[in-house]
Amino acid sequence: MANKQIIDKNDDLQAHTDRNDKPIATIESNHKENKIPDSEKKIVYSTKNLDLWYGENHALKNINLDILENNVTAIIGPSGCGKSTYIKALNRMVELVPSVKTAGKILYRDKNIFDDKHSVEKLRTNVGMVFQQPNPFPKSIYDNITYGPKIHGIKNKKVLDEIVEKSLRGAAIWDELKDRLDTNAYSLSGGQQQRVCIARTLAIEPDVILMDEPTSALDPISTLKVEELVQELKEKYSIIIVTHNMQQAARVSDKTAFFLNGYVNEYDDTDKIFSNPSDKQTEDYISGRFG
């Protein structure tokens, strides 16, 4: 399949682009410069023959997927394809739905997360999550960031102060908020709230960060700041991001998995997915023919 096939579909791309965006296939991926070869990276998550049901609804079907550490992995696909269900399975949040049942394995650092010996609390400490809508607690910025560390037994004020600064710096928002730490987080803008939520996740020092449509409720400027932050965070963390925004997936991710009807339809380097996909359905989706 020639690259020109996708580039020529600019009219179809309008379903997924805003008028200031470049066509997907021509987006430059500056974050991929000096890329470490995949062969030198460890597998952080390995999903093996995973099936998941909500009652009678077969939401995930025979998922096999290896996710590399210190990568940004994008999960894309039309509504209802299973992408949000999948990342919520990665930290067992799907189990909050009473009717859920699973078959198969998800290995996190070579250990099956569904094993009875695997602590859900420890898993969710290692695997943080940022949701679609910013969800700060109705507390001060300081109390939002220190909530997790306090639950884990940290009481020393000096240590907590250091965690707050480190976490807010990690979320690229320290300079904006350092003189407002006693302010209620609800008073912040949507973009600031989302970065505070990211800082709150960083405060517990996770290994993996799951992001479920983290910028869908944000304005373009705030979205850009979060995207830039994602690129910085992957130096220390493995990031898995669900997004409907094709340009965002192309800009920020190293690998992309296209989900369709509960299956992984295609999984490859992001450059290849967006310039020369192997599957016609993948091409049709990223070109705006459906979804």
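Heads up, the Cβ atoms here are built off N, Cα and C, so glycines get one too.
Per Swiss-Prot, ATP binding site is recorded for Gly77, Pro78, Ser79, Gly80, Cys81, Gly82, Lys83, Ser84. Residues or ranges marked as domain 'ABC transporter' by Swiss-Prot on the basis of sequence analysis: 45-286. Per Swiss-Prot, region 'Disordered' is recorded for 1-21.
Shown here: features listed in Swiss-Prot, placed on the structure.
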residue: Gly77; record: ATP binding site; Cβ neighbours (10 Å): 25
residue: Pro78; record: ATP binding site; Cβ neighbours (10 Å): 14
residue: Ser79; record: ATP binding site; Cβ neighbours (10 Å): 8
residue: Gly80; record: ATP binding site; Cβ neighbours (10 Å): 14
residue: Cys81; record: ATP binding site; Cβ neighbours (10 Å): 23
residue: Gly82; record: ATP binding site; Cβ neighbours (10 Å): 22
residue: Lys83; record: ATP binding site; Cβ neighbours (10 Å): 28
residue: Ser84; record: ATP binding site; Cβ neighbours (10 Å): 22
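Neighbouring residues of the recorded ATP site, listed in sequence order and excluding Gly77, Pro78, Ser79, Gly80, Cys81, Gly82, Lys83, Ser84, comprise Thr85, Phe259, Leu260 (Cβ within 8 Å of the Cβ centroid).
In the three-state DSSP classification, Ser84 (ATP binding site) falls within a helix. As a whole-number mean, the pLDDT of the domain 'ABC transporter' (45-286) in this prediction is 96.
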